[in-house]
Amino acid sequence: MHQVTSSAATLRPAAAVAAHALRLSTDHREGPKIRARFGAMKFSWTETLNATSPTKATGRHHKHSSVLKVRCWVATHHQHNSNAQRFQATGIGIAKILHAFYQFCRPHTIFGTIIGITSVSLLPVKSLDDFTLTVLWGYLEALAAALCMNIYVVGLNQLFDIEIDKVNKPILPLASGEFSVPTAVLLVVSFLVMSISIGVRSKSAPLMCALLVSFLLGSAYSINVPFLRWKQHAFLAAFCIIFVRAVLVQLAFFAHMQQHVLKRPLAPTRSVVFATCFMCCFSAVIALFKDIPDVDGDRYFGIQSMTVRLGQQRVYRLCVNILMTAYAAAILVGASSTNLYQKIVILTGHGLLASTLWQRAQQFDIANKECITPFYMFIWKLFYAEYFLIPFV
């Protein structure tokens, strides 16, 4: 009895010392004191149990510890996989929204606006001295306002063409259901407000004129109310596209850079006149050809486009002939140039574009529906390429 009491008495101080050291080791401020007092001694729950428990208890403790570690690893691994899957799903959702917004903006029209305004904005520039921060800011203001207005116009058209697009363009976000109508309305209104706000802030009369006319014609083209919905009439639909793409972009944005930004007298140049005339032909072709792949939906919903009236084959031939005539006129303009460098660029550039169009037209089959949309996109590429040649005229 005395021996048992003596052993318990011996264990109590040792356990007390271990518990005291363990408690103090959790206090970071007293860590150095503990290390100085106890030297290299280390205390842990395992060592304490080993000192006070039989060998069988120690083995059972290690067994439970291993099981606990496995369960903790499984729970942590499962949580990690769950977080990774959630992050991946979020990334996929964001990518889908961005892709839907990209389609909603109708990227081929966005590229046309960027390239066209950039090319026209360079026409008033006479030397490297004109490339100042003021000129850059004026260009960026015009470009931002025009892009916002572009998104308003194409978004509004999709809002009023949901049923038609389900037949003609089912990949568009409203027709496919990726965007809801309230979402599209919010986007359209937001970009309209941003466009007008940028125009007002710029205090540029030509830029505001371009934005307001684009707003009025874009609304008249799409909104389905009495006396509007001009896209139902072939002549009015073509007028909207030609006036905005050919006349407004060339003259208004040239005047914005020449008069408002550079503070120079407004005087038309040879390049501006050529660009306006040439783009009238190109815009007419775009206005006509865009209805060729949409003929089924337009006919079903009563849209009297030129393709519905004349047929796909006739409209296609008319478009090719208009473009070839425009290229021939551009080559004549280049041949009349007195500057040898400009003459070479204009003749070579338009000659290559005309020959490319002719070769592509010979391989085109209007009866193959899968070829129509790629050819329409090819016409837009020719449209982009022309703006790279206009500054050389």
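Cβ atoms here come from the backbone N, Cα and C positions, even for glycine.
Features as listed in TrEMBL:
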TRANSMEM  108-125  transmembrane segment
TRANSMEM  137-160  transmembrane segment
TRANSMEM  181-199  transmembrane segment
TRANSMEM  205-223  transmembrane segment
TRANSMEM  235-257  transmembrane segment
TRANSMEM  269-289  transmembrane segment
TRANSMEM  315-334  transmembrane segment
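Between the transmembrane segment (181-199) and the stretches 108-125, 137-160, 205-223, 235-257, 315-334, Cβ pairs under 8 Å are most numerous for 137-160. Recorded stretches compared: 137-160, 205-223, 315-334; the one with the most Cβ pairs under 8 Å to the transmembrane segment (235-257) is 205-223.
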